[in-house]
Amino acid sequence: MNTGVICGVRVSHNRASVEEIELAGERDSRTIMETLLTRDGITESFAIQTCNRSEAYVVADGAVAGRRALASFAPDVRDGAVVDMSHEESLRHLLRVATGLESLVLGEDQILGQFKRAIEVARGIGALGPMLEAGVTKAIHVGERARSETSINEGAVSIGSAAVRLAGQSVGLNGRKALVIGAGEMGSLVAESLASTNISEVVIANRTIENAESIAETINSPAYAVSLDSLTEVITEASIIMTATGYGKYLIEPTDIDGAGETFIIDLAQPRNVHPATADIENAIVQDIDALESITKETEASRQAAAREVDAMIDEEFDRLLESYKRQRADEAISEMYEAAEHVKRREVETALEKLEKQGTLTDNQRETISSMADTLINQLLAAPTKSLRDAAAEDDWTTIQTAMTLFDPNFGGDTPQPDRPDDIPRAAERGDISGDDLPDDVPNHIAEKVSDG
């Protein structure tokens, strides 16, 4: 059976500090997914990391196996900052993340691009299977619907523009020189926001200088690019510094700022790019993403009505997603049932034809008649069980689905050889292939008794 149970875990800005999010995101998403796939009982994995969240999801044989695998996700983060999510909680949360309802900036667009890139990484390493592929694809669909059918992102500030607004409120921007460290999506947003102010000049520093040059050439402000090798020289010239790299190390140390004039620094990177002790330097003001909350709240009120619309949209799409999973599970059980019946049909038709051939040669039409009769019998006999399995899935009766899989799928639930038909069960017990413990609860009593006695 290809389906399983989804389990999730998250460390995000709602409950965790910047330090705790950083701790949970010490490993990149690719490494997290690859590691989770090595855990017992895990068949799929997905992870997404941004500056204000680190999350992981798995598909497991059962909830216990899923929680056990995810226990290693953020072992050093305090319990109150780590949120475990059940199957349905995980799916609903994925939809909320993609729509921007879980973002620090309500409805911001940046998360959708980050979500898509996380999916690309997961697909690239083969971490997604039918369960999570359906979940993340639905999340992207809902995220795009939310932005095209509601005003959830109208008037929304990005994290980058919120950082620029905070700098303006704190120390002013007029005539100042700004340094942006990082030329990725976040760095680009910061640079564009700075260019729309009265800043005098923007310097973009990046490990790959060509990317920094591309931003410097496109923003509407005097700007130039430097490599990270030249960072020390330009740090002392800038009075506003914003970091937004995924470099994974401190790029600004206390000694880099000591002796400089008034310097306002916002560290948007995850992991952080600014050494915490830098905040102790005189004339240095160091802020992180937590400081942006007051800015984001200013524009959030106007989007609350849209947020309610998106919530209703999520409810609708969430129900559709659950129904698709139910159909998938029922279809798999039905497929196994028909495959098992087809196996028996082929064997019995072959036996019947051999016996009839001994009585005289059969024509092709006679052979076709016998085979067609067998097909008709199977379809008629399995029509009622097929309906029962679909009804069971619709009613969340997974015991019936599991029983069907156990009876009809030889590989379901382990490597125990399964008998071809119920009457063979006692003989299988005599051979030692199965025991009473291997049987589903609703196997007929007279058969179960024979197995137990065997």
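The backbone N, Cα and C atoms fix where each Cβ goes, glycine too.
Straight from Swiss-Prot, the features:
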BINDING   Thr50, Cys51, Asn52, Arg53, Ser103, Glu108, Asp109, Gln110, Gln114  substrate binding site
ACT_SITE  Cys51  active site, nucleophile
SITE      His93  site 'Important for activity'
BINDING   Gly182, Ala183, Gly184, Glu185, Met186, Gly187  NADP(+) binding site
REGION    407-454  region 'Disordered'
COMPBIAS  418-434  compositional bias 'Basic and acidic residues'
COMPBIAS  443-454  compositional bias 'Basic and acidic residues'
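Proximity of Asn52 (substrate binding site) to non-local residues of its own chain (separation of 6 or more, Cβ distance below 8 Å) is seen for Ser12, His13, Ile21, Ser103, Leu104, Ile159, Gln270, Ile289, given in sequence order. With a cut-off of 8 Å between CB atoms and residues at least 6 apart in sequence, the same chain places Ile111, Gln114, Gln270 near Thr50 (substrate binding site), listed in sequence order. Other than Gly182, Ala183, Gly184, Glu185, Met186, Gly187, the residues of this chain whose Cβ falls within 8 Å of the Cβ centroid of the NADP(+) site are, in sequence order, Val180, Ser188, Leu189, Val190, Asn206, Ala244, Thr245. Between the C-alpha atoms of Ala183 (NADP(+) binding site) and Asp109 (substrate binding site), the distance comes to 18 Å.
Here the CA atom of Asp109 (substrate binding site) lies 11 Å from the CA atom of Glu185 (NADP(+) binding site).
Apart from Thr50, Cys51, Asn52, Arg53, Ser103, Glu108, Asp109, Gln110, Gln114, the substrate site neighbourhood in this chain, defined by C-beta within 8 angstroms of the site C-beta centre, holds Gly100, Leu104, Val105, Ile111, Ile159. Ranked by Cα separation from Gly182 (NADP(+) binding site), the recorded positions Cys51, His93, Asp109 are led by Cys51.
Within 10 Å of the C-beta atom of Ala183 (NADP(+) binding site) sit 25 other C-beta atoms, taking all shown protein chains into account. With Gly184 (NADP(+) binding site) as the anchor, the candidate recorded positions are Cys51, His93, Asp109, and the one with the nearest CA is Cys51. Closest by Cα distance to Cys51 (active site, nucleophile), from the recorded positions His93, Asp109, Met186, Gly187, is Met186. Non-local contacts of Gly187 (NADP(+) binding site) by the CB criterion (under 8 A, 6+ apart in sequence, same chain) comprise Gly160, Val180, Ile181, Ile204, Asn206, Ile215, Ala244, Thr245.
Of all the recorded positions listed here (His93, Ser103, Asp109, Gly182), the one with the fewest other CB atoms within 10 A of its own CB is Asp109. In sequence order, Cys51, Gln110, Ile159, Gly160, Ala244, Leu268 are the residues of the chain that are 6 or more apart from Met186 (NADP(+) binding site) and have a CB within less than 8 Å of its CB. Looking only at other Cβ atoms within 10 Å, the busiest spot among the recorded positions Cys51, Gln114, Gly184, Glu185 turns out to be Cys51. Cα of His93 (site 'Important for activity') to Cα of Asp109 (substrate binding site): a span of 17 Å.
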